[in-house]
Amino acid sequence: MNHYSVLNLKDGKTYTDDEIKEAYRKALLLFHPDKCKEKPSVVYTIDQVKEAYQVLSSEKDRQQYQIKQEEESSHYYSIVDLSEFEELDNGSYYYPCRCGDLGGYVVTEDDLENNRSVVPCMGCSLTIQVDYEIAESDS
């Protein structure tokens, strides 16, 4: 079940809290058995609508959900160890793609710290998964 679909929102687009709340209200009316005048082609339960709203209305939960969705839907070309990437000056890492595009694969330290390890090529549709370990700081 895709939470964006339940609330009739486009997956991956950025929404304000008010837009998510409005979509939630519309979905409640659309899928409520006593309120709906026409039966929609896809029917979700009120519990599914509430769950979708609960996840998407929380910034933290929404980010975790989006990361999980991306990782589940990504069919990556290969797994590449971070040590094979070229470290750039700005805290990013670069790895060339077989398509030859100069953009290649770029991943940042923030991406990796936030468990975003599936990286798309800047020039084609290929993706890779970055294999890495987060170093513990001695604080």
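Each residue, glycine too, has its Cβ placed from N, Cα and C.
Per Swiss-Prot, Zn(2+) binding site is recorded for C97, C99, C121, C124, and the stated evidence type is sequence analysis. Cβ neighbour count for C99 (Zn(2+) binding site) (all protein chains, 10 Å cutoff from its Cβ): 13.
Per-residue pLDDT, averaged across the domain 'J' (2-69), gives 86. If you look up Swiss-Prot, you'll see 2-69 marked as domain 'J'.
Among the features that Swiss-Prot reports, domain 'DPH-type MB' is placed at 76-133. DSSP assignment over the domain 'DPH-type MB' (76-133) gives 8 helix, 23 strand, 27 coil.
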Neighbour count (Cβ, 10 Å) for C97 (Zn(2+) binding site):
20
Would you count the other C-beta atoms found within 10 angstroms of the C-beta of C124 (Zn(2+) binding site) for me?
15
Per DSSP, what is the residue count of the domain 'J' (2-69) in each of helix, strand and coil?
41 helix, 0 strand, 27 coil
